[in-house]
Amino acid sequence: MNFSFSDEEKAFREEVREFLASALTPDMKRAQGLTPSVFSDKEISDPWHRALASKGWAAPGWPPEAGGPTWTPAQRWIFATECAKAGAPSVSPMGVAMVGPVIIRFGTPEQKAKYLPRILNCEDYWCQGYSEPGSGSDLASLKTRAVRDGDHYVINGTKIWTTHAHHANMMFALVRTDDTGRKQEGISFILIDMTSPGITIRPILTIGGDHEVNQVFFDDVRVPVENRIGEEGLGWTYGKYLLEFERGGGIAAARLRRGLQHVIDMANGEAPGQPIDDPALALKISEIEIDIDALELTELRIMSALQTGQNPGAVSSLLKLRNSEIKQAITRLAVDVLGYDALVWEPTRPLYGLNRATLPEIELPVVPEYLNSRAFTIFGGSSEVQRDIIAKLMVGL
Amino acid sequence: MDLTPTEEQRLLRESAGRFVRAQYNADARRKRAEAGEGFSAATWREFADLGWLALPLPEAHGGLGGGAVEVGMLMEAFGEGLVDSPYVSTVILGAGAVAAAGSSAQQADLLPKVAEGALRIAFAHSERQARYNLADVATHAVKDADGWVLDGAKTAVLDADEADLLIVSARIHGNRADAKGIGLFIAPRDAEGLTLTTDLRLGGGKVAQVGLAGVRLGADALLGGLEDALPVIEAVTDHAAAALCGEAVGMMQTLVETTAAYIKTREQFGKPLSVNQALRHRMADMAVAVEEARSLALRAALFADAEPVDRARAVSGAKAKIGRGARFVAEQAVQLHGGMGVTEELEIGAFLKRVVFFDAMFGGVDHHLKRHAALSAAGRAA
Ligand SMILES: Cc1cc2nc3c(=O)[nH]c(=O)nc-3n(C[C@H](O)[C@H](O)[C@H](O)COP(=O)(O)OP(=O)(O)OC[C@H]3O[C@@H](n4cnc5c(N)ncnc54)[C@H](O)[C@@H]3O)c2cc1C
Ligand SMILES: Cc1cc2nc3c(=O)[nH]c(=O)nc-3n(C[C@H](O)[C@H](O)[C@H](O)COP(=O)(O)OP(=O)(O)OC[C@H]3O[C@@H](n4cnc5c(N)ncnc54)[C@H](O)[C@@H]3O)c2cc1C
């Protein structure tokens, strides 16, 4: 066991750095830096996704036969770390990181051939139709109905909190095809074309001032049966498999480090009164840095034990829990560093569209990001739900 | 010692609570927000009629001679309904400075107008480079044959856009962070050379940066003729911080009530969220935080007119602990509402924003812990 890079790994790091130096434009970096929402806007993430795709690097977590690069865990770590350090946007996760692994594992050859290249090349933009108004933590109670009519399902109901439904042309959804047995048993996993007649979208504004999430209504929406993944009634299994990828299995630590660096840069630069000189701040920075170190090595330990593309299992709950809590600690510290500048509320979105700055640009996203980041411990299964999973599956209670 | 409210205090608290419930319930707040209305002149007149503007002002100048305890009661009611008004900026900071340091002529001129609701005063003291150090004043005032000339810049000035006058601190002599040599000046908002850059304020209201470029003021503009006003600035700031602590208690109370009501009705897994012990214990901790905050806000108010060191320790103690407790309560209120908690459709987020404002205003948790520790250490050394 050792934690230093081989010559090949160093050469790979150089290659990543060179790629970033040419492909990541100053505009993309600025726009990403001024993004306070949970996900990058489509107009930022898509160009970056395409740049990665042209290099064959859009889906580091996929096995090579599906179009992923043949990277070792060390290479995946180097790539994630260098991208985060450079301030690259994140690729929309709903395609590459969520539905992709499900199609790879459970899709038919036709489904793989149809969807995987379109995900890799950023031709489809996906959204996730899991939650409903009455079914959040208790996801399995979902009620959106899919009734068989010849070679179609007819869908009625509503999904809520659907991130970027207003950008997406495809949705993967959990729908109820049977309500006679246990609630988990009558669920199916289907792929819905968002341009189908009968779909309407209501925007939901969140407390950071952004439009990320929506409510989606289905009124007799017809979806071909061939759009079902796997077997009818086994959607819960596929849906949970997907959640493991949503929650963890990547390298979240790299982005957290970038976030902490942003706090340090402000404290050492434009924030009022040179807060970096404050020993109390130094302690807090160290505390968070050590938390990130712990998460990072946990992620690496897990990744090293898995084959590329394999599902991480219950430990994904631990990664999600800590990632979300550390993220919130960073955004809280960032607000503290702002001092009185935290009082100024800039309502314009997107922030990168502003040319008259009310605050130093580095400070602009801080308060909205703090507010938006409250959602980290809610989506993808709340912290309370993750703790229940950890207690059950890791501790054995 | 007797901590039961007097009959007058009880009536004040009741009338404030009634007013807020009638005018600042969720529906009313939503309508105001949708109409894009700020704080209305009509409501300010009502405040005057109810005697709230006169409440802490001296009886000799149209005031009721109330103290920080009464102000705290009023502020708690404001917090419960997330009232956003220029009360702290005009009555506690602006008029408070005039009452503490003004000459009798200045007091007689200004305070009755504040009490009647005819005059609003903003307090322009903080400077960006100072962070929370009250002695750090780079803005300077130079005396010449005609009076004073002020140059410099101020930040985080609350409600300046609708103020008639600003009380501006400026250094008359000494170096940037010297304790001595700071004066407070009365400046009309429309004085030549005085510019406002106004922004929306997190959690409601407005905040301004004030530029002062060769602003000419009369020889009588210096408040009380005082060239060592830092003790006044500290006292007035402590009074305002104590008032905001009271407001925070009200916000925390509403957040706990709203969240308890939500988890009792929202069902998941076939039963109300409130049956889950994880959430019951969280709510228990939130309720404990409210009671501790209530006690410390009261403590800060009870010490508001004590010796400066005792006052400062009580206020910093309250500000630090309530800062942390209010954050905890507001963040958990969001958490326990799930997705609904992060939407603009509920008001939990609006309360969270005001809590963040509270924490940042006059210094956050760390600042006040350090101030408390420094005062304690100095006390032990003496
Ligand atoms: C910004 C954002 C983006 C999202 N994006 C998507 C998306 O793209 N697609 C999608 O399908 N969903 C999405 N979600 C929905 C998210 O997954 C749900 O909000 C989440 O599962 C919680 O459900 P809920 O909001 O109904 O809260 P509830 O389930 O009502 O929970 C409310 C509170 O009660 C707690 N709680 C519930 N049950 C228990 C229990 N048994 N024990 C202890 N505590 C409990 C919860 O932890 C939470 O704190 C998003 C949510 C947000 C906020
Ligand atoms: C120093 C000391 C002095 C004591 N003095 C007295 C005395 O004078 N008279 C007397 O009658 N008894 C006394 N006790 C006993 C005391 O009341 C019990 O220890 C206590 O009630 C816990 O019971 P237990 O030890 O059986 O632990 P358990 O009840 O088995 O509890 C073990 C753990 O589980 C937790 N737990 C239990 N139930 C729940 C639940 N529903 N939800 C969440 N957590 C739960 C407990 O908090 C504890 O952490 C004393 C105990 C101590 C340690």
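The chain as shown is numbered from 1 upward.
Including glycine, each Cβ sits where the backbone N, Cα and C put it.
Any TrEMBL annotation is an automated prediction that lacks curation.
As annotated by TrEMBL, domain 'Acyl-CoA dehydrogenase/oxidase N-terminal' applies to B:6-117.
TrEMBL lists B:122-199 with the feature domain 'Acyl-CoA oxidase/dehydrogenase middle'.
According to TrEMBL, the feature domain 'Acyl-CoA dehydrogenase/oxidase C-terminal' maps to B:232-361. The predicted model assigns the domain 'Acyl-CoA dehydrogenase/oxidase C-terminal' (B:232-361) a mean pLDDT of 98.
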| Going by DSSP, how much of the domain 'Acyl-CoA oxidase/dehydrogenase middle' (B:122-199) is helix, how much is strand and how much is coil, in residues? | 6 helix, 40 strand, 32 coil
| query | With DSSP, how much of the domain 'Acyl-CoA dehydrogenase/oxidase C-terminal' (B:232-361) is helix, how much strand and how much coil, in residues? | reply | 110 helix, 5 strand, 15 coil
| task | Report the DSSP secondary-structure composition of the domain 'Acyl-CoA dehydrogenase/oxidase N-terminal' (B:6-117) as helix, strand and coil residue counts. | result | 80 helix, 0 strand, 32 coil
